[in-house]
């Protein structure tokens with residue numbers, strides 16, 4: 001269970017770091033996040049890149065290389081404008097997009113329980129992004145984009161996995177491509193690399209990597225109960241983000257936002273039962 005707790009903590013710390021560094025260039029931090037994350041993936045997981053030669057659609061890696069940094073940068077904006085609680089909740093609820101895709105394109109059967117869970121998840125997203133004040137309209141768009149992009153990345157990872165791609169190898173290639181593409185873009189835009197943003201970006205990559213490692217370790221430790229790991233991870237991140245956002249950063253949520261978080265938790269629990 002300790003690995004599960006550590007995975008939740010590492011995940012929330014990523015958002016906390018994005019929150020406290022909101023005056024720095026998010027693009028630079030995200031870039032160097034992929035530098036440290038890719039190196040750690042290489043030296044810890046020793047990915048077998050030979051498995052990737054059998055992938056039928058290699059362009060999926062290019063799409064990942066674009067979506068991963070884009071999603072991370074937008075996540076930084078979402079944390080800045082809407083807070084940790086709403087941003088992390090939107091990211092966690094993105095898990096429903098690949099489930100919907102499996103029904104629409106892969107012929108998976110939909111039962112009543114899953115239909116209710118998916119419906120509640122969509123309702124939760126609406127509640128999370130809704131704000132009356134015009135100040136938050138841009139933030140609501142960021143939340144929606146986080147949900148879409150994170151869910152799309154999950155779908156692509158699953159497609160590559162179905163074609164025989166090893167997870168660590170896929171992750172390594174995706175990180176490298178994300179770094180190269182984002183680096184090229186920032187150089188084209190002549191963005192200056194502040195040393196503080198570089199160092200904090202490297203730290204961001206370490207936290208991201210630890211989140212992945214602890215989550216895998218939790219699944220290995222609790223291999224007879226993967227549903228518990230899946231549910232506890234997602235609900236844990238939402239709840240801890242809510243506590244940190246409210247108590248540490250004094251983030252204010254309206255009743256509809258709170259309802260969205262509650263609906264998100266219920267939808268994840270239903271997914272565990274009926275999925």
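Yeah, the Cβs are placed from backbone N, Cα and C, and that goes for glycine too.
Remember, TrEMBL labels are computer predictions, not curated facts.
What you see is a predicted model, and the numbers here were worked out from it, not measured in a lab.
Annotation comment: TrEMBL describes 139-272 as domain 'EamA'.
Annotated transmembrane segment per TrEMBL: 6-21 (among others), in sequence order.
TrEMBL lists 28-45 (among others) with the feature transmembrane segment. Remote same-chain partners of the transmembrane segment (28-45), defined as residues 6 or more beyond its termini with a Cβ less than 8 Å from a stretch Cβ, comprise 18, 21, 68-69, 72-73, 76, 168, 171-172, 175-176, 178-179, 182-183, 186, 191, 193-194, 197-206, 208-209, 213.
As annotated by TrEMBL, transmembrane segment applies to 57-78 (among others).
Taken from TrEMBL, the feature transmembrane segment covers 112-130 (among others).
Per TrEMBL, transmembrane segment is recorded for 142-161 (among others).
Residues or ranges marked as transmembrane segment by TrEMBL: 167-186 (among others).
Among the features that TrEMBL reports, transmembrane segment is placed at 198-216 (among others). Beyond the ends of the transmembrane segment (198-216), by six or more residues, the same chain brings 3-4, 6-7, 10-11, 13-14, 17-18, 21, 24, 28-38, 40-41, 44, 171, 229, 233 to within a C-beta distance below 8 angstroms of the stretch.
Residues or ranges marked as transmembrane segment by TrEMBL: 228-249 (among others).
Feature annotation from TrEMBL assigns transmembrane segment to 256-274 (among others).
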Short question: which residues 6 or more past the ends of the transmembrane segment (112-130) have a Cβ under 8 Å from it?
86, 89-90, 93, 96, 99-100, 140-141, 143-144, 147, 256-257, 259-261, 263-264, 266-268, 270-271, 273-275
Would you say the transmembrane segment (6-21) and the transmembrane segment (167-186) are in contact under the rule of three or more C-beta pairs closer than 8 Å, pairs 6 or more apart in sequence?
no
